[in-house]
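Since the structure comes first, as C-alpha cells, the remarks are kept for the end.
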Amino acid sequence: MSQSKYRQLDVRAPRGTTLTAKSWLTEAPLRMLMNNLDPDVAENPHELVVYGGIGRAARNWECYDAIVKALKNLESDETLLVQSGKPVGVFKTHENSPRVLIANSNLVPHWATWEHFNELDAKGLAMYGQMTAGSWIYIGSQGIVQGTYETFVEAGRQHYQGSLKGRWVLTAGLGGMGGAQPLAATLAGACSLNIECQQSRIDFRLRTRYVDEQATSLDDALARIKKYTAEGRAISIALCGNAAEIVPELVKRGVRPDMVTDQTSAHDPLHGYLPKGWSWEEYQQKAESDPQGTILAAKRSMADHVQAMLAFHEMGVPTFDYGNNIRQMAQEVGVSNAFDFPGFVPAYIRPLFCRGIGPFRWVALSGDPQDIYKTDAKVKEIIKDDQHLHHWLDMARERISFQGLPARICWVGLEWRQKLGLAFNEMVRSGEVSAPIVIGRDHLDSGSVASPNRETEAMRDGSDAVSDWPLLNALLNTASGATWVSLHHGGGVGMGFSQHSGMVIVCDGTDEAAARIARVLRNDPATGVMRHADAGYEIAIECAAEQGLNLPMVAATQGNAK
C-alpha cells in the first residue's frame, strides 16, 4: 500500500440533516474528522496537518480513505479502533460503547523520543496526533481563545489591579494554537505584538480576524504599540520575523512590555521552530537532509529566545511559558535557569482545574451558525449568575469567526457540564436546533493530562509526572459511553513529555443519548476534581464534597459514600 501524506484535495464536512453514515453516532466522528481537514480549519490540510507542527488527523491519505469507509459502514453495535491515524479493526461491542477508540503517538517510555518517533513516522508506522488533531475535535483557533483570555485576565488581576487597558503583551507564534493569542489579548483589553516567521500564517489570522493589523518593521510595530496603549485601545499587531532575533533585540533596546509569553511550536524543534538566519524553505530542506543539525540549530535559537524572556522576567515583567516546552528545549542546550519563569497553569489556571473547569466545547453538525447562537442563549439561561461567562459568550459571538462547522468554546466545570449537555440534547429532541450537536474538549483539561512542564507542573504533592490519571480518565469515559475516546502521547510539549486523553459525546436527542451524556459529562470533569483533591488542593477537596464525589481516600467526601 502506498503511503501518501500529500493530496491536492479540499475536504469539507457535510452539512444539514442528510446522513452519509448509518447513524448520527457514526456520522458525527465522520464529519468531525473531515472538519479537522477543512481548509478554513487546518494549517496544512493537503498534508493532513491540522495544527501544532505535524499534528495530523490521519496517518496518510490511504488511511484517511479507509477511516471514512469504515465510519460509513459502521453498525450501531460496532467499534472502530484507530492506531496512530490508521484504522486497524472493527469489533462487535454494544450500542452504549464508544463508536471509535483512538490511540495516537504512544510509545514505551524509554523509547518515547522525537528521534525514535521520527524514525517510525518515516516508515509509516506512527502519526503525531497532537491533542485534538488526531482525536477529531479541533475547532480552529477558537479552541484555545478562551483559555488564553482567562490566562491574560488572571495575569491582569494579579499584576495590574484587574485591568490591562493601556498595557501590551509580547508573544510569538501565530499557528493553530498561537493564533488565538492576539484575539485573546484584545478581548482581555490589552494590545499585543505577535511575532510570526511565516507570512502565510499572518495572512490566515488577518483573514479570520484573529489579528487586527500587520506592521512593516519592528520600529513600525513599536510605534503602533506606543500609540494604541496611549489611547487605551486594545489592538493586535502581527510582525513577520524570527522571535529568536526580535525578542533579544527588544531586550537590547530596553523596551519593556507589560507581559511576555510565547506560543511557537517549540515542542517540535525539527518542524516547528525556525533557527535564526534561516528561511522557512531552508529549514524544511535541512530537516530532511540533516535532522540532528537542524534540531540543534533550532534549540540554540530557542535558547536565545528564552534568555531574552529571562531578562524580561528579571526586570519584573510578568513572563510565563504558555505550554510549548520552550524552557525544556533551552535547558537542553545550556540555559540552566530556563525554568526560573513559571508555566501558565501553576501561575494562573490551576484553581480552575481544581473545580473541574476547563475547555468545554461543542459543534453544530448542521453547519448552521444559528444552532450555536441558540446554544449560547441556553448556556446563559442555565448559568444565570455568571456575568464573566456571559461577557465571554457575547464577545465570542461578536469577535470570533467560525472556522469550518460552527462551534463554541466555553470554560465550565463539574457543576455545569452535565446540565448543559442534557439541555443541548433536549434542544435536538425538540427541534430547537436543526441537527445533533457534539460535545468535546481539549485534552488540556483538569483530569485528562499528565505533563510536568505544562498542565501538571509544580503539583503540590510532587506528582507532576504520574500518568495514571489520563489513563483512568480514558478508561472511565469509555465505560461511561462517550461516542469516541482518545489516548495520546506528546501533545503540546512534544514526545516524552506528556500523556493525555480526550472524549467526544453526541447529543442526538434520544433518551439513550441523555443517559450517556449524564454519565460522561459528570464523570469526565469529576476525574479532574479527583486528581487535584488527591494532590491535596483544598479547592478541589471542597468541590468534591459539594458535588457529591465519593473519593475513598479523601475524608471530606466520605459522607457521599453509600
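Note: Cβ is positioned from N, Cα and C throughout, glycine not excepted.
Copied from Swiss-Prot, the annotated features are:
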BINDING   52-53, Gln130, 176-178, Glu196, Arg201, 242-243, 263-267, 273-274, Tyr322, Gly492  NAD(+) binding site
ACT_SITE  Cys410  active site
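Feature annotations (Swiss-Prot) mapped to structure.
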residue	record	DSSP (3 states)
Gly52	NAD(+) binding site	coil
Gly176	NAD(+) binding site	coil
Glu196	NAD(+) binding site	strand
Ala243	NAD(+) binding site	helix
Ser265	NAD(+) binding site	coil
Tyr273	NAD(+) binding site	coil
Cys410	active site	strand
Gly492	NAD(+) binding site	coil
Inset, instruction - Name the one residue among Gly52, Gly176, Glu196, Ser265, Gly492 whose Cα is closest in three-dimensional space to that of Cys410 (active site); these are the binding-site residues. - result: Gly176
Legend entry - Cβ packing number for Tyr273 (NAD(+) binding site), 10 Å threshold: 30
Inset, instruction - Give me the non-local Cβ neighbours of Gly176 (NAD(+) binding site): same chain, 6+ apart in sequence, Cβ-Cβ under 8 Å, ordered along the sequence. - result: Ala42, Glu43, Val50, Tyr51, Gly52, Gly55, Tyr138, Gly140, Ser141
Inset, instruction - Identify, among the binding-site residues Gly52, Gly492, the residue whose Cβ has the fewest other Cβ atoms within 10 Å in this structure. - result: Gly492
